[in-house]
Structure formats: C-alpha cells, structure tokens
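As written in TrEMBL, here are the features:
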| type | residues | note |
| --- | --- | --- |
| DOMAIN | 1-115 | domain 'C2' |
| DOMAIN | 126-266 | domain 'C2' |
| DOMAIN | 333-527 | domain 'Ras-GAP' |
| DOMAIN | 582-684 | domain 'PH' |
| REGION | 804-828 | region 'Disordered' |
| COMPBIAS | 813-828 | compositional bias 'Polar residues' |
C-alpha cells in the first residue's frame, strides 16, 4: 500500500507466504466422510487469494505460495478453509478460520506455524472504522431541575465491507446502555457505499441520582458515569432479508469526566468484542508460513548518501570491499537480502559491472571447470534474482503456451515402472513425454530474440570470464551460461510454473510428476557436460537414462550451442515482428457498458477479461473464444484507478483508449492493483499517452470530479504512468534503499565482527590465531573494507536519526483517535 501520511513518510506493505496444509478437518456426516476443500486469504473481509480445490481429504496438502502488495489499511489477515457439500458441489461452507491481527503478524514472520482453526461467527466478521463525537450539555427541565444531556454525533464511516461483492447499504444504531436502561436510536440508510457520510446527531437524557443536591454546574455523579456507555452498531440494510451486522464500538461515558467534549475515530469490533468463554470443538489446524513486511519510506533526499555508496560498488578496486558485497557477506543466511541490491543496481544500469566483478572473484576460487557457478554464492544469487525480475515476460512468451497445453491435456507421462498405474502403457507414456520435452525444448532454443538485453550482457560477461579462467577447456564458455539459463531459469520454471506466475495454481499430482520429468530432461539437455554420449551420469534412475538416450544426437548439441551463442552475444538483436500472442492475465470482472450516460445497476455485466501481448478483450465467459470487444494494446492511452464515488463501487479502474472509456470493477483490491500494473506496463511505450485524466466518470452531462460539461475536456488530474516502458521504472529505489538500510541495522553485530576482522588482519600480519571469527567473510583489502564499513556505520546512524525524528512527528500528528490512528476497543 502506497500510503503517505502528513509527515511525508510512505507506508508500503507487502505479504508473502505459503498455505502449506490442513489436518484433522471435521468429516462430513454419513458414510462418505471425505471433503473437497480449498483455502482463501482475506484482508479483513475482502478475499484476495484462493487455492485450488483439494479433493476427498480431511488433511489436504495445498503447498500454494502467494505474494501481493497490500493496497489498503487492514486490521486482520484471515485464512478460511472451505469444504464443498456432498450433494451440492458448488455450495461451500466454512470449515474454520485463522485470523491474525496486523500487530501480531511479526510473531510468525518467515517461519512455519500450525494454527488451530476457529469457528466462523457472522458477528465476528467486521472491518472499517467510525468517526464519533460526544459531549455533555446542561439542561433545565420544565420543573426547574437541572439535568445532563448526552449528545452523540455519528459523523461517518470508512472501509465497510462489500456485501455479496457490492457496496453495502449501511446504517447505524446508537444506544445509551446502563444498569437499568437501553435507549436506542437509528440513522438513515445510506445507499451503496462503503464510506457513508451520516452527519446525524442524537440526544440522550442522563438522569442524576436522587441524592444529588448541588445547584452549581451540573456533573454526572461518579457512580453514574462508571455504569453508562455509548454503543454504536453498524448494519447493512437487508430490505427483504435479514440485516447483516458490520461491526460495533463501545465508548464509556466516563471519558467525559475531564472533558465535556470528545471526538475520535474508532475501529469497528466484533460483537461483544469477540469475547467467547465457551469451549469450541476441535475443527482441525492449518500450517502457514507468513512474511509480512512494512516499509516506512522517508523522502528521497535522505537516502542519497547510502544510495550513492551502494552505486559506487562496481567501481571499487577490490569488489569485496564494496558496500553491496559487504551486505551480501553479512546476510548470507538471508536469501531475500540480495534482491533490493539487485533492484537498485538494475535501476541505475550498474548491475552488469557488479555481477561481472563478483563472478570474477568467485572464478578465482573455482578449481575445476565442471563445478563452475554451481554453488549458492553471492554471484549466483544476484544472477538468479536478475533473471526473475527482467525475465518474467521472457518466460511468459517462451513457456506459457506449451505449459498451458501440458497442464490442460493431462496425458500420462510416467515412465518409472514402479509408479505405473494399472492399464498404463510405458511405451505410450514415453512417446507423450518425448513429445512434451521436444515442444518445451523447441520453445526455448527458438526464443533467443526475446531474451532481455540485460540477461544477454551478463551471459556475455560470464562467457568471457570463464574462457579466461579455463583457457584449455573449449566447453566452459557454454557451461558458464547454461548453468544459469537452463538449470536455474527454464528448468525451475517448468518444475514450478505457479511460482513464476505462468499458472494460477500448482498443478495436480500427476501433472506435477510430468513437469518434474520434463524439467529433469531439459536440465540435462542444457547441461553441456551431459550432452556427450559418454556422459549420462546426471541420471541416477535407469529409466531416465534409457529415456534420455533418444536425445543423444548431434543435432541437439548443435541446437543448444547455437542458442547459447545467440543469448551470450553482445550484438544487438531485433525482436520478431510476428511474435505469437500470449496471455499475460485473465479473470472474471464486472464491466460497465461503454458509452452509457446514466448510472444504473443493469449497466454492469459480469465478463471474462483477457490481456495478451497484443490486445485487451472481454468475453461472455471464460471458455468464450469470440470476443465481445477488443482493444489493441497500441490504442491504450492510460490506465488509472476510478474514484469509488463514481458508481458507488469499490476496486474500480478505467482503461482510457482511442474510443469509449472502459470502466472495470475487479473482485478485490489486490486484483485491481494487478490489472492496473500489468496494463500500464504493456502500454507505456504507446504513442499519444495521456498526461492527465478524470478520476471520476462522465455522468448526466458532466464530469463528477471537476464538473466540466464537455466530454472531451482534458483530464483534471496528472496520470500516474506517462514515461516510456523500461524495467528501471518498475523499481522504487527509495523503498529498496530503505530495505538495505534495515538489513544493515538488523545485522549490525555481524558488521561489527567484520570491522574487527579487518582491523585484526591489517594490524597483525602473521598467522591468524582467531581465524574462526572471520573466516566466513571475504576480505581482500582489509583497509579498504574497514573504510567502507566505517562509512556504512556513519550513514546508517544518520538515517536512524532521521527515522526517529519522523516517528516523533508521526506520533504527534497522528494522535490516538485520529483517522490515521483510530482507537481499538472500549475506552476506559
């Protein structure tokens, strides 16, 4: 979520994790006790991810990874396990849930945990916040006595949930509750909004005790204040069906003891604060791995010293003395530590010289050509991350069509005699597998024109370095490249297409086995040492040995060699103008009829939206081949969010093109962000892109945002993406530098050990007596390394001070009860 507060700090949230498995779910009644189950992930009540259905199991193994940027504030991260009914397969019931408060996510960061499933109570499913004002007025009644009047103003709500995918029809009830009273009043219903503006005021008489005799300024007696509270409930008006509870908050009247007026935001809570004392049945458990990251990103100028130090890394004479290499050294156990460095260097076109330098350092320590780049070193990790970032579209264009065919055709490819099913014919399976391997292999070796330039530049450097290090080995120039592009890129993507966004879910067990066999074969085909007829040692299984013999032909060796030559050449390439159209994203959405001038419920239709490398189209349903409408990518002028007030609908965006506007509602906030991102990325090079747009709709003769009456009036707000397409533009350098700063701070003790090691080596030139203290550090020049570490200390200490200053500003500007920091639970 790119949320900026009043101090200029951007708060960016992301979530990465894995839904591993469930166990001991409650069985179905009757003889058939197994269940078909799936799991969902929700931000509060908004579903943002769903696994595939696992059939006939009470302990389903999902093994599904998820990652997304969190685009809005939330209270709970929830995981729901659903079980499909026996007779009505499309009707699902909730078997249980795991709900984790946002402030408790750090307890489970980056580690697997078993969570007990809890029952789902409709009264506990809440989200959003309410803005209230309370004050005490003194009144004189008709008989002359003095009494106190409590005034409660319900101002507004924000972030109420969707009901059946649509904005709710909310209203609020306001109650004054005491030992012997419960006075309730109700607001008007607000139609189709998640952010209702109520602005309604209610009056409650607070009766003084009979023993009260004081005639001066009236105050409610202490015992009365302690017993009274205001309870505000939010409901969705169900019209002909039962109203749905949306949340409540309770405020004790005693908060007005010291101040006659109180105004604050409150987070909505489950009914009765969710307190449950009764014991619940065992519903089973769910194993999860959750990594929640929140980056507090300062204004850009504060990161300049650290960013400049990191960007100098490729120019440092001894690369191990550079800031980027030092970070990799002290964070060896943390795989994700390399990623922000790779992103930052990519953005500034500094990655290739850095990778060249660290690869050269690694090759100095490599003794045999056949072990080149086989370990988990800093160089291999940097190149792996680089390929995942810049090679995403390359994989999609190259592998997605053939992987879709393999996953959807479900031909049997098992060739292990032990694993053959009854009725399987091993020779037929071999033919199926051979056909699939040949298709994948052909897609790869014909893809060199699509290989990103950065990848080609890195491969060219690796090839030259390997040849220089092992001049007597004619094959090392190829194995240096194939160890990455085949073993670490294509073979891994074939094995796990879901992890590379090539498939929506992990494939079933049989298809996974097919992909494993294909991946093994592709990996061996690309491994230069295995292409010789005398070298099949990479296969331990005899059945794979026999199968691979059919690929022991000279033509495969020549095709691999030609492909490796092409992708490691420093000559510029021109992409093919007849590139095959490949699906980049598709899914179900609600689309507004184009060109409609009025707001109407019937204007929105459920459609299947499909984006390819050539066009955006929508269809009546997923299987529909004929498009209802097509927008060529080249005609897209802008893709922007749409204000909720335009149609009283959440998660909407607009595709502005050369004809009529296309308004689309995604299923959730994450989906909406993903559609905007991918559409913006594929259209950034288009000629005539707009610089401004209208954030709302043109309805009934005027733009709702700026009130302009001409439909062709230029936009009233700057577009968010107007620059040419480039990988560098998709990288938030300030955020990456903030992550690097956090890594240096969290690994300060290791940094200090490295500094001590440098001092020890520089001062004591004899045999190292305390080698174990720093043997895992790479120190070529202790003096230069020491100076770099000193600079890192100084810069991170300054950044730490800036963070503390901004945090103090935030704590004063966002006081407890403000819109940015709403109150949780009862006020005491």
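Note that the numbers count up from 1, one per residue, in the order the chain is shown.
Heads up, the Cβ atoms here are built off N, Cα and C, so glycines get one too.
Restricting the average to the domain 'Ras-GAP' (333-527) gives a pLDDT of 91.
Summarised by DSSP class, the composition of the domain 'C2' (1-115) is 7 helix, 64 strand, 44 coil. Applying DSSP to the domain 'PH' (582-684) sorts its residues as follows: 24 helix, 44 strand, 35 coil. Look at the domain 'C2' (126-266): DSSP puts its residues at 10 helix, 75 strand, 56 coil.
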